[in-house]
Amino acid sequence: MAEDNDGIESSKKNVKPSTYEEALDALSSLITKRSRADKSNKGDRFDLLFDYVKILDLDDSISQMKVIHVAGTKGKGSTCTFTESILRNCGFHTGLFTSPHLIDIRERFRLDGVEISEDKFLGYFWWCFDRLKEKSSEDVPMPTYFRFLALLAFKIFASEQVDVAILEVGLGGKFDATNLVQAPIACGISSLGYDHMEILGYTLGAIAGEKAGIFKHRVPAFTVPQPEEAMSVLEKRASELDVPLQVVHPLDSSLLNGLQLGLHGEHQFLNAGLAVALCRTWLQKTGHLETYLDQSTSLPEQFVKGLVTASLQGRAQIVADPFVNVEGPGDLVFYLDGAHSPESMEICGKWFSLAIEENIQQYDSLKKQPCESSNIALKGPNEFPRIDSTQILLFNCMSVRDPQLLLPCLIRACANHGVHFKKALFVPNQSVYNKVGSHALPSSDPQIDLSWQLALQRVWENLLRGEKASTLEESKEDSEHNFRNSETSSVFPSLPLAIKWLRDSVQQNRSVRFQVLVTGSLHLVGDVLRIVKR
């Protein structure tokens, strides 16, 4: 491996100097329209991945890698994050590959819990990109965006000689680029639901079949309780491959010795339980389990530490806006969660409602630690004075999703806990999808197409009035007559303008705390974090 690293260092010296943004431009050239893997599209054939592996000389490295592979609709990123944190706290050199990134592409590649340095990223990036470019042909074209990133992750983890590589499936499972791994140590399937149906299928059975594509012959697999339609497919596939499939249940909170999970929300106990099962199996299969307590009724202290210190941006994350400066107690707090399916939207609404019921001390502590996830111990309910609070929704979703499924779930979940939004703000995402990098933000174009956001607003207004929601087509047709601003909703042509409106509102209402739920899209969550952290 040392020679391999030397080769990367020397290639960096011999190749034309390249800035980080130039690397991101090269990466952007690989972005294509997403489509199902089939033989009608040469650039999307799954078997091409094995050609790329040969070009990069990664065959042996991948076969020897001690991998934990996780698929699912909801919670797979959280499960991978818990898993990495546990094994890192057990003393292992970890590699974690997740998606999507929220602010910087390097977030997808973590070594020992820290995103890869810019220098290392550039070295590995150009080594892979240049070699693939040199060997590409009409029959073996350059890999598409996500496939390149997965190959890059394998290269990074092989060269850095990680003890364990934790891989989050990008989309589906069977045809996902991470499914290059033929002999993982353990596989996990987190909660399944309806998402990416235009690619994975329109039934839970079809979706489960795609996810079960990561199962390998006799490799232990774990899942959480699933709807019967999905579970039967997982069990059938496991039986065909002689896979010992176990169903794990939510982690018992008493095992944490009075501490809190690092990722917030009741649903995270399910992901934590799955992570614990994956870690125990990995330790057992790699000959390390005897080092740790093997008791089902207790957790080793390394496991507990891993679970309570895990962190993941954009999932049930609470961030105070550091740019609000008021004399009174009023302030602006963002509650960020990248929920984008009906099931996750319901979970998000419940989390938000419970979070804003917690004590005001949480927010006072956050103001002293801006831009960090909330891991604050709360005091008693009467120790701090309460101020008025207002709940605002900041929302966008991709046009392939149905807001008539998403928004009612959110409204209902919040209403069940007595939470009602005073206003909803609809904005286009700030990121663009054909570019990667900080320089890829679009200019403020007054002619930007807001028909989708106006359609979202129409759905919202109809839901508030209790009317039968018009179809999205009707909402788009009505957009010319749909006002952008009302008492209960507004459409903004850009996210920065919406943030400015929120900040101005706080300045004008100094006795009010603005609690803003940002959801519907991980891209939107990342855009908000980018602005708040700027």
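In case you wondered, yes, glycine gets a Cβ from its N, Cα and C as well.
Those TrEMBL annotations? Automatic predictions, nothing curated.
As the structure is a computational prediction, the values presented were derived from the model and not from experiment.
What TrEMBL records for this protein:
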- Ser99, Glu168, His196: Mg(2+) binding site (BINDING)
- Arg315, Asp337: ATP binding site (BINDING)
> What count of other C-beta atoms do you get within 10 angstroms of the C-beta of Ser99 (Mg(2+) binding site), across all chains shown?
Replying inline: 19
>> Give me the CA-CA distance between Ser99 (Mg(2+) binding site) and Arg315 (ATP binding site), in Å, as a whole number.
In response: 13
> Within 10 Å of the Cβ of Glu168 (Mg(2+) binding site), how many other Cβ atoms are there?
Replying inline: 26
> Once near-sequence residues are set aside, which residues in the chain of Asp337 (ATP binding site), 6 or more away, have Cβ atoms under 8 Å from its Cβ?
Replying inline: Gly314, Arg315, Ala316, Gln317, Ser344, Cys348, Trp351, Phe352, Leu517, Val518, Thr519, Val525
